[in-house]
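Quick look at what TrEMBL annotates:
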type	residues	note
DOMAIN	23-448	domain 'Major facilitator superfamily (MFS) profile'
TRANSMEM	21-42	transmembrane segment
TRANSMEM	62-83	transmembrane segment
TRANSMEM	95-112	transmembrane segment
TRANSMEM	150-169	transmembrane segment
TRANSMEM	175-196	transmembrane segment
TRANSMEM	293-311	transmembrane segment
TRANSMEM	323-344	transmembrane segment
TRANSMEM	356-381	transmembrane segment
TRANSMEM	393-414	transmembrane segment
TRANSMEM	420-440	transmembrane segment
Amino acid sequence: MRDIIHKVFPAKKNGGVLTQYLAVVSASISIFTAGINYGWPLPSLKRIMSDEFPLEVTEEDASYVTIANNVGNLIGGVLATFLIDRVGRKHSSMVYGVLLVVSLVMIYLSWLHMGLLYAARIIGGIGEGGPFVIMVTYSAELASPQIRGTLCSLLTIAYIAGSLFINIVGSYFDIHTTALICLVFPLIFIVTIACMPDTPYYYLMKKDDDAAVRSLKFFRMKEDVEKEIEELRVAVARQMSEKGRLVDLILIDSNRKALILTTFARIFQQWSGASAFGQFYQTMLEQSTDMSPVLGSSVIIIVQILAVVLSTSFVDKLGRKPIIVVSYGINCIILVALATFMIIRDETAIDTSSYAWLPLPLLTAFTASFWGGVGNVLGFLINEMYSTSIKPVALAVASIVYAVSVMTVTKFFHFTMYQFGMAIPLYTFAFCSLVGIFYYQFLLIETKGKTLEEIQLELKGINKYRKNSA
C-alpha cells in the first residue's frame with residue numbers, strides 16, 4: 001500500500017505534506033469511533049430507560065452506564081502507556097480498534113443481560129481512552145512543526161463528528177441496529193492504519209535507523225531527509241538518556257513542571273462543564289427549551305465541528321495560549337448568563353416564557369467557544385510538553401486525571417442538576433473557568449512553531465528554542 005501511495009503521490013524535491021494528512025486521517029477514524037463511544041449516551045440513555053429496551057433500567061442505572069465508560073477510559077489510557085513504546089504507536093492503536101469492535105458487538109447483544117451493557121461501556125471506554133494517548137502521539141511525531149497543530153486538530157474534529165454521528169443515527173435506530181452500523185468504522189481504521197508506517201521517533205527509539213529514514217521519507221515526501229533525521233537522532237538520544245520511570249515525573253525538573261502545568265490545565269478544562277454537557281445535552285434541552293432534543297443537540301454538535309475547523313485555521317498562527325484564554329473568558333460569561341436565567345425562571349415569579357428559546361443559543365455559544373479553544377487545543381498541547389522517554393508514563397497520568405475529572409464532573413452535574421436545578425453546577429463551572437483564565441495566561445507555556453525538542457529545552461530553562469520562534 002505504501003508503494004502504491006508513493007507511485008500516486010511521488011516524492012518532490014521540496015517535499016510535501018499529503019502523506020502526513022493521509023496518516024492523520026487514518027488515525028482520525030479511530031478517534032471518530034471513540035467519539036461515537038463518548039456520544040453514545042446522548043440518544044441511548046432514553047432508549048434503554050424506555051419500554052423499547054427489554055431490561056429495566058432506572059435513572060441511577062443509566063448514570064452508572066455513563067460512568068462505566070469513564071472507568072474504562074482510565075484503564076485504556078494507562079494500558080496505552082505500556083503498549084505504545086513496546087509494540088509501537090501503529091500496532092497498539094490496532095489493539096484499541098479491536099476493543100471498540102468488541103464493545104459494539106456487546107452492545108448489540110446487550111438485550112440478553114444488563115451486565116453485557118456495563119461491560120460494553122467499560123471496554124468501549126478502554127477503546128476510547130487508548131487512542132487519545134496513541135493517536136495524538138502518532139500524529140504529533142509524524143507531523144512537520146509548521147502544521148502539527150492543524151493535523152492534531154483533525155483528531156478533535158473527528159471526535160466531535162463521531163458524537164454527531166451517533167446522536168443522529170442513535171436517535172432513529174435502536175441501540176442494537178446502531179451498534180451494527182457503527183461497527184464499520186473501527187474495521188476501516190484497522191485496515192487503513194495497517195498500511196501506514198510507524199513514526200520516525202519510534203523507530204529511532206528502537207534503534208532501527210533504516211526504518212526511521214524510510215518513515216521520514218514517506219511522511220516528508222522527499223528523498224533528502226538527512227538533516228532532519230540527524231536532528232531527530234540527537235533529540236531522541238538526549239530524551240532517551242533521561243529515565244522514563246514514574247518517579248522521574250517528579251524528580252526531573254522539566255518533567256515536574258510539565259506535569260504540574262498539564263494536570264491543572266486538564267482539571268480546569270473539565271471543570272468548565274463541557275464533558276458533562278456533552279453527555280446530557282438532550283436532557284438539558286428538554287428541561288430548558290421546547291425544541292426537539294435530537295435537533296437541538298445535533299445543532300450544538302455541528303457548531304462544535306465548525307468551531308474546531310475555524311480554530312484549526314489559527315492555532316499555528318495565533319498560538320495556543322491566546323486561543324485558550326479567549327475561549328475561557330467567553331465561557332465564563334456564558335455560564336453566568338445561563339445560570340442567572342435559570343435562577344430567574346425557576347426561583348422567581350417573573351414570566352420568562354417569551355425567552356424559552358434563550359438556553360439553546362447560550363449552550364451553542366458555549367460549545368463554539370469551548371471547542372474553538374481549550375477543547376481543541378489542550379489535548380495536543382499536553383502531548384507536546386513531554387519528552388520521548390517519559391511521554392508514555394506522563395500520558396498515563398494525564399489519562400487518569402482526565403478520566404477522574406470527567407467522572408467527578410459528570411456525577412456532580414447529574415446529581416446537582418436533579419437535586420438543586422441547573423444553576424448550581426453552572427455557577428460552579430463559571431467560577432472554575434474564571435480561575436482557568438489566569439492559570440492559562442500566566443503559567444502555561446506557548447508551543448506554537450517549536451519542534452518537540454525546542455519545547456523540552458524551554459521547560460528546562462534553556463533559551464535555544466527562541467532562535468526558531470522569533
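Glycine is treated like the rest: Cβ placed from N, Cα and C.
Any TrEMBL annotation is an automated prediction that lacks curation.
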Mean per-residue pLDDT computed across the domain 'Major facilitator superfamily (MFS) profile' (23-448): 85
Within-chain partners of the transmembrane segment (420-440) [C-beta distance under 8 Å, separation at least 6 from its ends]: 264-265, 268-269, 271-273, 276, 284, 287-288, 321, 324-325, 328-329, 331-332, 335-336, 338-340, 342-343, 346-347, 374, 412-413
For the transmembrane segment (62-83): best-contacting stretch of 95-112, 150-169, 293-311, by Cβ pairs under 8 Å: 95-112
Outside the transmembrane segment (356-381), six or more residues from its ends: residues with CB under 8 Å to it: 132, 136, 139-140, 148-149, 152-153, 155-156, 160, 265-266, 269, 272, 274, 277, 281, 284-285, 288-291, 296, 299-301, 303-308, 310-312, 315, 320, 323-324, 326-328, 330-331, 334-335, 337-338, 341, 436, 440, 444, 447
Same-chain residue ranges lying at least 6 outside the transmembrane segment (293-311) that approach it to Cβ under 8 Å: 39, 42-43, 153, 156-157, 160-161, 163-164, 167-168, 171, 281-283, 285-286, 323, 360, 363-364, 367-373, 375-377
Positions whose Cβ lies under 8 angstroms from the transmembrane segment (150-169), at least six residues beyond its ends: 20-21, 24-25, 27-29, 31-40, 42-44, 135-136, 139-140, 143, 178, 181-182, 185, 278, 294, 297-298, 301-302, 304-305, 308-309, 311-313, 315-316, 371, 375-377, 379-380, 383
Positions on the same chain near the transmembrane segment (95-112), where near means CB under 8 A and six or more residues out: 30, 33-34, 37, 40, 53-55, 76, 80, 83, 87, 119-121, 123-124, 126-128, 130-131, 134, 175-176, 179-180, 182-183, 186-187, 189-190, 193
Leading stretch by Cβ pairs under 8 Å, where the reference is the transmembrane segment (21-42) and the options are 175-196, 323-344, 393-414: 175-196
Beyond the flanks of the transmembrane segment (323-344) by at least 6 residues, Cβ under 8 Å: 268, 272-273, 288, 311, 314-315, 350, 352, 355, 358-359, 362-363, 365-366, 369-370, 372-375, 377-378, 421-423, 426-427, 429-430, 433-434, 436-437, 440-441, 444
Same-chain residue ranges lying at least 6 outside the transmembrane segment (393-414) that approach it to Cβ under 8 Å: 63, 66-67, 70-71, 73-74, 76-78, 80-81, 84, 125, 129, 132-133, 137, 244-246, 248-249, 255, 258-259, 262-263, 266-267, 269-271, 273, 275-277, 279-280, 382-383, 386, 425, 428
